[in-house]
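Participant: This is the structure I want to talk about, given as structure tokens.
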Amino acid sequence: MPKLWFSFIHFHEHLKYVANETLHTDSPDLPVCFQLSVLSWLPCVYLWLACLPYLFYLQRNNKGYIMMSMLNRVKTVFGLVLWIVCWADLFGTFHELQQGKTQAPIYFVTPLVVGMTMLLATFLIQFERLKGVQSSGVLFIFWFLSVLCAIVPFRSKIILAKNKLRFTTFYFYFALIGAELILCCFNEKPPLFSDVDTDPNPCPQTTAGFLSTVTFWWFTRMAIKGYKNPLEAKDLWSLNKRDSSEQVVPKLLREWEVEQAKAHSAEDQSTQALYSKPLPAGEGNHVGGESSPEEVEVLLSKKKGPKKASFLRSLIKAFGPYFLIGSGFKLLQDLITFVNPQLLSLLILFTKQKEAPTWWGYALAFLMFFTAFLQTLILHQHFQYCFVTGMRLRTAIIGAIYRKSLVITNAAKRTSTVGEIVNLMSVDAQRFMDLTTFLNMLWSAPLQIMLALYFLWQNLGPSVLAGVAVMILLIPFNAAIAMKTRAYQVEQMQYKDARIKLMNEILNGIKVLKLYAWENSFKNKVLEIRQKELNVLRKTAYLGALSTMAWTSAPFLVALTTFAVYVTVDKNNILDAEKAFVSLSLFNILRFPLNMLPQVISSIVQASVSLKRIQDFLSHDELDLELVDRTNTATDCSVTVVNGKFTWARLRHAQVQLPRKECNLLTCGSLLAVVGHVGCGKSSLISALLGEMEKQEGDISIRGSVAYVPQQAWIQNAILRDNILFGKAYNEPKYRSCLEACALTPDLEVLPGGDMTEIGEKGINLSGGQRQRVSLARALYNEADVYLLDDPLSAVDAHVAKHIFDQVIGPEGVLKGKTRILVTHGISFLPQVDNIVVMVEGRVSEMGSYQELLKQNGAFAEFLRNYSLEDIIEEDGATVAFDEEEEDFPDDALSNHTDMVDNEPVVNEAKRQFIRQISIISGDLENPRGRSVRKRLCSERKHVEPDPEKKLPKVEKLILAETAETGRVKAKVFWEYAKAVGPLLSLFIAFLYGCQNAAAIGANIWLSQWTNDAVGNGTKVDVSTRVGVYAALGLAQGILVMGSSFTLAIGNIGAARKLHCALLDNKFHTPQSFFDTTPIGRVINRFSKDIYVIDEALPSTVLMFLGTFFSSLSTMIVIVSSTPIFAVVIAPLAFIYVFVQRFYVATSRQLKRLESVSRSPIYSHFSETLTGSSVIRAYGRHNAFVLLNDMKVDENQKSYYPGIVSNRWLGVRIEFIGNCIVLFAALFAVIGKAHLNPGLVGLSVSYALLVTMSLNWMVRMTSDLESNIVAVERVKEYSETKTEAPWEVEEKKPSPDWPSHGNVEFSDYSVRYREGLELVLKNLTLSVKGGEKIGIVGRTGAGKSSMTLCLFRLLEAAGGEITIDGVNISEIGLHDLRSKLTIIPQEPVLFSGSLRMNLDPFEKYSDGEVWKALELSHLNKFVSNQPAKLELECSEGGENLSVGQRQLVCLARALLRKTRILILDEATAAIDLETDDLIQSTIRTQFEDCTVFTIAHRLNTIMDYTRVLVLDKGKIAEFDTPTNLLSKKGIFYGMAKDAGLTQ
């Protein structure tokens, strides 16, 4: 026992000696034993532990081997020398043994262990080379640790140089590990056979060294480049393979398919249990489809519906593992966070002990710096992993949605509009991306809170529980707020969807709104939705302000209750500096997780809403690709339908039934025509053959490939040639013959770039007829076996239609011998087809050849007899006449009938370009030298202004370059936003923020005074005063926070309202020409993405910015006031800060811009795909389009990825500055120890620890603010485009009954499309009496539609004037004018909403009047059959009515308005002859006393008009009665002869 006691005392003495030797001396040293064991073994233990996992990792990730380089040889040699040095040391010890000096065992063990480790390191150097590692992190850390651990022995060896041999070996050892550390910083060459060589601009990250990766140094090159001059797309690095769509999307889809399979199997089991009655055919497998009513009841009665496939699970499986690495980093960082408060407590202790050696202080200061720096590096690695996961998530979700949208059924497509689906892609995918950043906070926040509480307990004991109680009380409060916010979120999304959908339609039909003067009605509809949206936003913002207050005050309230309880519980509890400020810094650590939790929760809330939306969409039914049997070889028929019965949606009963008796539709190689009235199901039949409809019963088979020409041509935004090739290889002769057959050759000669002309969105710079012919040429070029042609001849003029029928479709055409199904209204072609199917109300009523059907004397014969027996005879006559001039025909086709503007009066430069050229050509072609003239023209054409579509991208670039040069342009935009918020309000908000921070500083200074009481006399001064004042200051801060958040919310919402109003107002007042040259996607982008940023992103950014700015400022003030010498350091640090920030902001802003520029194409391509999905499927181009979408997404991520890295790059540098502030605050505290009290040291250092976070957030917020304020800039830009004339001019208002007569006079009237272009109408002078019927005819480009547009002032006069009943129309308001004219436009436009709204948006008329109009337009039968009657919902664009019915709706609108002047842009294209006759007769009877202008394509409709106006090259060529004109044998006579109306 005494022996034990003695040894214990001896040990204690030894410890005391060691402590004196190491701690309590001015030149400290460590015991030799410690140096040899702990310090030497630490690096070795690390390397052996890291070795196994690392070797396993290298085995898995082999990048190919690297050639031996000089660097590698040197490293290896050094490694071996190190091993030899260690052995030398060991042998030295053995030598001493022989000489009789006994050494401790440690002298044998350590050299052995170290030597083995050096061998392992040398082996790793070579193994890494073979596996293609260019720079090793594992070894870098090993060498770094070795050097670090060798510093102390190195110093002590110098001081006590006892043993020569060990001294020498150690010198060598130290030099060599130093050299290895330095060599480790350099990179090896890239591995052989690596695929980096092929990439023109690879991402340097792949080849970056360990240090470069940790500090993101590899990004610096781009930062410098971006600072010097604005980045362009070509400067961006290629996307890393592992982030590209081709790797990311399939990964997710595989997991999702597994999930769906699971769900389906589960569902099948539950279905068997659920249904007593068997399912109707075709309704077995739907997730999210519509269910029959009985089914719904059954499902409701069972609480648990079928198990849905979980999209979340598939996301986790696909991207979880990578994300977990980031989580590992987060865990490390959380643990390191708590080192600094411990160091702070030591530092305060140090300042109290006056006699402590100064090196303690310095050591503590540098330790604080080092831990903070390590924390920075780890944190940013964690962020990098999270953001990359987010980026991959977005890529995968967009890819999945795109792939799904190509195969979704029509019924499912109807449940969500194009706008909503695009929203899934833009907003919902974005939400996931935003969430991944914070997701780790879900476990990290509770962990941090628990650790903080543990340390607090150690510091203050049980009083901490009071603080915990406060926190727990705040949780339900915040939970309630979060729940409410979620509800509002969903509500707001609905309003937003509705608003975007409405805007989309308004922009698509803006021309119609202008012509009808309906803008106000629609503007009010938008504002009504917007108001609801803002109301929800306001409620959300108020809740936000409450929760901000709760979270800002939380740490304070916790501190207050804890301190108050601590001091009052026990008289002996003295609050000294160490306790107070260590607790405070722990409370500050608490603040971050407490602040983040609600944000994370709300992010999760938003993402869960989005998740559900995406999951529902991805679970929609897909088209049954097996619906149409493509393998049928049993019959010799190409297309067979047996007992077919099809429907669009499972519940909608618009069906197409094919008769039971008729087995085969047609045999191989024949031409089948499908005829019938409007809306009888002709197009539906084609859709059924394509497999687009739900099959209820029967069989359908098609043999061979299919080419499809839809009724409304689908044109991509690409060059013309690509539209025709549609992915097939280019074959010159075949291509030329296609163009020739479709009469496109002449059009190409006038297009500005020939077939390389870029076609705008929806084919905007082609006329309707050209689009249709391009669509036909595409089908022709795609050589299929079966051709489904849905009325391709309707949009082209009779002349061209005949050419196309003869050359392409007819018995002698290019397609003879192929199977063709032609839906048509053109009776003249019917005698030449093999078979005719007559459809009536969705059923096939008759079928047979032309002769057979005439003999049967049924509906078809009746239909024919009414029309055109004489027509047909005339046609034959005309054909004979043609034969003589056959060889000239293609030229002629152009000059007479290129149906350009007749078909669609789009005021578009590109077109005008064209038309002017065409009109020159058409004029010149009368002379025999036509060909040479045309050649001459081609050479002249180079001087003509280029096509605006081509110019647009350049314009965008120009705008980019301008704003990207410096941040200077920003000040104005910030001012604009401040003005929108309200200048005074802005100042007041800033003032409130200042006050709130003053209160916080006040509270902390008071606390520091309070802690000094303890030092002064060891007893307590009046506790109640101290606690009272502290509480008062803190509560003041809470109230101010709430006040500032409230006012900020009010200001932001006001700004959002103003900016949206201005944008909307401007867009309704913008002249038509703007919409023709600007893709709709761009305008929609302003209304969706940018308004979303102004509504939601900007306010929170501003809130964060103000918060961080003021807290950084207050930190500086506190540190300077406690250690004034710190002011010296502020200047250089601030300089570096600003310098880094400028670099960063310039680059980051431009990256943001590039990112948003490359974002639009994803969405416009997507909406294009949605509208053309049936064409894409018919041609089997599904995969090519998926690839195209992937390319566009990758292009977008290419600019997004450097954007993330720039944030990391910045973070590491800014936090380094923050860490320097900590270092200097601590150093100066150590230096000024003599005259500083512990309270002040605590105050300044605990503030310094906070500053890193604030600084980092501040730069991030500054740049977020700059990139988000771009939204204001973009919205402003579109709110200030040039507007048209005012809608109402009070002093010139015409009388209410104007125009009472309907006299129209043009006097010397000229017009041009835009400044600097030539005139389209030149000096027209004519006068029309009230009640006259005027037909307007003329060749393409003669200015027919321009003339009607002038009446509506969609084009403003360049000279002369138009007067209506003596009023000069250019003087009155546009609405006063337009509401008094009526037009039946060529392309019928309907808006989604009730039918009644479409007829009468201002609700001016009674129901009786509306029914009367419907009756006169022959729609009343259709409408009264609908259950909803007038409230019949029209879908987006009127999709649920046939084109003909839409045209009749337009007629009904005209009948309702019943103005004195009617303009008819003859829209007979999409209508069968019968309906056409109905319209004509209605116009003749109903508008008898009105002035009617008709732009005629079919001359027979205007033969009985009062007068006919023939325009040629913008001048009046002839103007007289039809009979006089025919006898004059002029232009009109020629046209009539062509149409076969005269002999």
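Glycine is treated like the rest: Cβ placed from N, Cα and C.
TrEMBL does not curate its annotations; it predicts them automatically.
Below are the features listed in TrEMBL for this protein:
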DOMAIN    324-606  domain 'ABC transmembrane type-1'
DOMAIN    639-866  domain 'ABC transporter'
DOMAIN    987-1267  domain 'ABC transmembrane type-1'
DOMAIN    1304-1538  domain 'ABC transporter'
TRANSMEM  38-57  transmembrane segment
TRANSMEM  77-94  transmembrane segment
TRANSMEM  106-125  transmembrane segment
TRANSMEM  137-156  transmembrane segment
TRANSMEM  168-186  transmembrane segment
TRANSMEM  359-379  transmembrane segment
TRANSMEM  438-457  transmembrane segment
TRANSMEM  463-483  transmembrane segment
TRANSMEM  984-1007  transmembrane segment
TRANSMEM  1027-1050  transmembrane segment
TRANSMEM  1097-1119  transmembrane segment
TRANSMEM  1125-1145  transmembrane segment
Participant: State the non-local partners of the transmembrane segment (438-457) in its own chain: residues 6+ outside its ends, Cβ under 8 Å from one of its Cβ atoms.
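Facilitator: Counting only partners 6 or more residues beyond its ends, the transmembrane segment (438-457) has Cβ contacts under 8 Å with 323, 326-327, 330-331, 334-335, 337-338, 341-342, 382, 386, 464, 467-468, 471, 562, 582-583, 586-587, 589-590, 592-594, 596-597, 599-600, 603-604.
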Participant: Which residues, given as numbers and ranges, are at least 6 beyond the ends of the transmembrane segment (137-156) yet have a Cβ under 8 Å from it?
Facilitator: 29-30, 32, 35-36, 39-40, 42-43, 46-47, 50, 54, 121, 124-125, 128, 170, 173-174, 177-178, 180-181, 184-185, 210-211, 213-214
Participant: Do the transmembrane segment (77-94) and the transmembrane segment (38-57) come together with 3 or more C-beta pairs under 8 Å, pairs six or more apart in sequence?
Facilitator: no
Participant: On the 0 to 100 scale, where does the mean pLDDT of the domain 'ABC transporter' (1304-1538) fall?
Facilitator: 81
Participant: If we skip the immediate neighbours and take only residues 6+ beyond the ends of the transmembrane segment (168-186), which ones have a Cβ under 8 Å from one of its Cβ atoms?
Facilitator: 71, 74-75, 78-79, 81-82, 85-86, 88-89, 92, 121, 135-136, 139-140, 143-144, 146-147, 150, 153-154, 157, 209-211
Participant: What residues in the same chain, six or more past the boundaries of the transmembrane segment (984-1007), come closer than 8 Å to it by Cβ-Cβ distance?
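Facilitator: Hits for the transmembrane segment (984-1007): 556, 563, 580, 584, 978, 1026, 1029-1030, 1033-1034, 1036-1037, 1040-1041, 1043-1044, 1047-1048, 1050-1051, 1054, 1106-1107, 1110-1111, 1113-1114, 1117-1118, 1239, 1243, 1247.
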Participant: For the transmembrane segment (106-125), could you work out the same-chain residues 6 or more beyond its ends whose Cβ comes under 8 Å from its Cβ atoms?
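Facilitator: Same-chain residues near the transmembrane segment (106-125) but 6 or more away: 33, 36-37, 40-41, 43-44, 47-48, 51, 54, 72, 75-76, 79-80, 82-83, 86-87, 89-90, 93-94, 136, 138-139, 142, 180.
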